[in-house]
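Here is what TrEMBL records for this protein:
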BINDING   A:Ala62, A:Gly63, A:Ala64, A:Gly65, A:Thr66, A:Gly67, A:Lys68, A:Thr69  ATP binding site
COMPBIAS  A:1-11  compositional bias 'Low complexity'
DOMAIN    A:41-338  domain 'UvrD-like helicase ATP-binding'
DOMAIN    A:339-608  domain 'UvrD-like helicase C-terminal'
REGION    A:1-24  region 'Disordered'
REGION    A:697-716  region 'Disordered'
Amino acid sequence: MSGFPDDLPFFGDDEAPRATPRAGGIAARAMAARQAPRYLEGLNPEQRLAVETTEGPVLVLAGAGTGKTRVLTTRIAHILATGKAFPSQILAVTFTNKAAREMKTRVEILVGQAVEGMPWLGTFHSIGVKILRRHAELIGLSSSFTILDTDDQVRLMKQLIQAEGIDDKRWPARQFAMMVDGWKNKGLAPADIPEGDSRAFAGGRGRALYAAYQERLKTLNAVDFGDLLMHPIRIFREYPDVLADYHRKFRYILVDEYQDTNTAQYLWLRLLAQRPRRSAPEGAGAEERSAPVNICCVGDDDQSIYGWRGAEVDNILRFEKDFPGAKVIRLERNYRSTAHILGAASHLIAHNEGRLGKTLYTEHVDPDDVKVKVHAAWDSEEEARAVGEEIEALQAKGHALNDMAILVRASFQMREFEDRFVTLGLNYRVIGGPRFYERQEIRDALAYFRVVAQGADDLAFERIVNVPKRGLGEAAVRQIHDVARLRNTSLLQAARDLVGTEEMKPKQRSALRNLVESFERWQGMLDRTPHTELAELILEESGYIDMWKNDRSAEAPGRLENLKELIRSMEEYESLRGFLEHVALVMDAERDEELDAVNLMTLHSAKGLEFDTVFLPGWEEGLFPHQRSLDEGGRAGLEEERRLAYVGLTRAKKNLHIWFASNRRIHGLWQSTIPSRFLDELPEAHVEVVEEASAYGGYGRPLGHRQPGRPNPYGPSRFDEAGDVFSSSYATPGWQRAQKNRTDATARNWGTRSGHQVERIGYGEPDSGYGAGRGSVKGRTIEGELVAKSVSDQPSPFKVGERVFHLKFGNGNIAAIDGNKLTINFDKAGQKRVLDGFVERV
DNA sequence: CTCACATAATTTTTT
DNA sequence: ATTATGTGAG
């Protein structure tokens with residue numbers, strides 16, 4: 001429940017006054033063309049209807065691959081071309097910058113240069129910033145407010161929690177940040193927090209802390225991401241004249257991915273979409289509104305996969321209730337996938353109950369189309385190997401690696417594939433993960449810039465006072481803090497004051513003076529030095545560059561490279577301030593299309609993408625659907641997982657391979673697994689179960705060893721048979737072989753091989769080993785297998801099945817041997833992996 | 001202040 | 001198992 005009463009009616013019969021675009025504009029030109037405009041050509045009837053139904057509320061239910069973006073962009077083009085509105089009178093919101101950029105580009109192509117400014121096309125957040133900058137004073141901010149990211153947010157909260165004398169170990173700031181995010185997603189201000197929610201943190205102090213946090217943000221002249229929605233909502237509510245301005249302004253509202261909107265976004269949209277009834281009696285409450293709403297929401301309830309971060313599928317399911325008289329247009333003709341893939345996806349998603357219901361179809365049927373293939377692997381390592389082989393086979397047949405993707409449920413699954421690809425020397429790229437600007441070195445550099453551009457940015461100042469190390473530790477920072485609080489100034493100002501006194505130890509005082517003077521110098525240069533030059537200078541003079549140059553760790557060169565990249569990217573902006581404005585909201589890496597590489601990403605980050613061949617590994621109970629979704633979300637959680645599966649399936653254009661492994665290591669422990677229930681939800685007619693006959697595959701495996709203690713709780717499965725081939729006790733030769741092969745592969749990765757390229761898109765952990773920088777390409781050499789031998793060929797003094805005693809875990813039976821590591825089923829402690837040195841024969 | 005050790009957590013991600 | 005984070009001693 002999103003908590004909105006259904007008593008805010010929307011009437012679609014009240015026409016808004018309409019401006020007439022000036023002669024000579026796009027409209028005039030379009031009219032001159034007289035014929036059905038070219039941009040409408042090639043649309044199917046439903047798409048065309050969605051484009052041309054410009055008046056009143058419209059919900060476009062666009063199934064996967066049905067041309068959603070095309071409809072959206074053509075609709076904008078149509079509104080412009082027919083002169084219904086100027087570019088600046090259209091509000092078009094998306095969730096990601098990427099989507100916004102794509103939309104902008106495509107509209108420009110459709111309409112020609114004339115779109116110069118679609119100033120109100122952007123993400124919820126970027127539009128929120130724009131609105132907030134205009135009216136910041138109304139809620140006690142100055143329009144130069146800074147935008148805090150999650151990291152700043154958590155640090156700030158931690159300070160507050162500690163200041164309140166709350167044990168921040170028992171009540172971690174991270175957890176509180178998540179709660180506050182959740183509240184803001186729901187559009188709740190501190191005063192709206194229900195008692196129960198408040199009690200959920202620090203023994204009932206949740207609400208008070210939230211209020212304190214908001215207060216603190218205000219004094220810092222800062223906002224967090226959630227505020228970018230919350231503040232405009234508050235302004236709209238409290239200042240009807242401001243809201244009326246926007247009502248007059250926005251003639252058409254378009255929303256992309258409507259199924260992903262959370263309650264706050266819904267509220268925000270609703271405020272903008274509802275207009276005061278012209279005949280409304282004087283003194284009618286704010287609730288007494290009605291409207292002609294030219295709002296068009298595009299989405300797909302079956303692709304709602306962000307419930308866990310506050311998205312309300314309900315928003316899309318309730319659209320017709322929210323907007324009476326709304327036209328609902330279904331786009332069901334799919335232009336992407338084969339009939340088999342669509343059949344599989346449709347059949348699967350039909351198992352969900354809470355959906356509006358669509359049936360995808362295609363008119364393109366090719367006799368060469370292949371069925372969806374389901375494969376079983378012994379363990380996750382074999383799964384990775386087999387997928388690798390398939391990819392190499394496809395590559396040999398002339399398929400581009402760029403057209404293939406592996407979509408995993410959880411990011412830890414990526415590791416095994418990466419290992420495998422490195423071994424094979426196969427190019428791959430990882431999409432998703434931490435962003436470029438979330439990296440330590442980038443954030444440090446930005447903190448310097450922020451202090452220079454805005455001396456009052458205390459959080460930024462605090463971040464870098466002692467980076468690089470200047471001998472200004474906790475005690476010194478506390479001192480600066482105290483002075484700042486006492487005189488009610490910024491930390492930088494307090495530091496400046498403190499330097500003039502005797503209060504600090506000489507060593508620290510001179511270090512601080514040096515820093516303060518540097519900042520003054522840089523600030524003085526701000527307006528008369530090109531910003532990229534200044535940026536470089538700051539990083540040089542502060543000693544920040546040297547800090548990394550002197551760092552001999554493996555990631556240091558990558559970090560320096562990233563800093564260079566940062567400076568380079570600043571060139572696109574006019575000034576330091578302009579750059580900082582954008583950097584908080586926009587900064588994602590573009591994927592390098594030049595490099596032919598396999599795409600590796602989570603199912604979530606795959607939404608909106610498509611590939612000829614898609615591999616979906618890890619279809620096992622507990623992983624997919626994920627246990628935690630099941631535990632926390634119940635049936636709704638399961639349905640969201642199913643939608644995630646649907647998203648995965650519908651990414652494929654031609655070939656789709658689904659895998660499950662009978663054994664997988666979870667938290668360092670090997671566990672046998674059960675095939676995902678989703679496999680049983682696929683239709684026989686479109687699916688083919690592949691009997692593996694690969695080198696390490698089915699041959700020679702003992703048959704029919706069902707795990708006695710683990711019956712399939714979801715009833716008999718058609719894949720039980722296939723699973724049986726592989727499921728057996730750990731004492732089998734197959735298990736040991738798998739173990740051995742696993743260590744071999746790991747050992748091989750110690751080397752590197754040149755000529756193998758890895759691209760990481762927005763995936764920054766510089767210490768993750770492969771490729772340090774953003775989109776950086778780093779070679780690896782694989783020197784040889786000899787390393788491998790020495791590890792796994794060491795004979796163990798133990799044998800599988802032997803009974804042993806362990807000091808901590810007690811008695812148990814050896815289940816498997818892997819070099820000097822033993823997997824033992826302990827009578828009391830369950831299955832553990834231990835070194836053979838720690839056990840003795842009973 | 002820094003280094004070494006211990007401890008806890010470990011789905012998904014945008015802005 | 002792995003990793004990040006935090007604490008305690010030097």
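Quick reminder: no glycine exception, Cβ is built from N, Cα and C everywhere.
Caution: TrEMBL annotation is automatic and unverified by curators.
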Integer mean pLDDT for the domain 'UvrD-like helicase C-terminal' (A:339-608): 88
Chain-internal residues, separated by at least six, CB under 8 A from A:Ala64 (ATP binding site): A:Asp300, A:Asp302, A:Gln303, A:Asn334, A:Arg336, A:Ser337, A:Ala345, A:Leu360, A:Tyr646, A:Val647, A:Thr650
Listed binding-site residues (A:Gly63, A:Gly65), ranked by Cβ neighbours within 10 Å, top entry: A:Gly63
Other C-beta atoms that fall within 10 angstroms of the C-beta of A:Ala62 (ATP binding site): 28
Sparsest Cβ surroundings (other CB atoms within 10 Å) among the binding-site residues A:Thr66, A:Thr69: A:Thr69
Remaining residues near the recorded ATP site, that is with C-beta within 8 Å of the centroid of the site residues A:Ala62, A:Gly63, A:Ala64, A:Gly65, A:Thr66, A:Gly67, A:Lys68, A:Thr69: A:Val71, A:Asp300, A:Leu331, A:Asn334, A:Tyr335, A:Arg336
Those residues of the chain, 6+ apart, with a Cβ under 8 Å from that of A:Lys68 (ATP binding site): A:Val60, A:Ala62, A:Asp256, A:Val298, A:Asp300, A:Leu331
Neighbouring C-beta atoms (10 Å sphere around the C-beta of A:Gly67 (ATP binding site)): 21
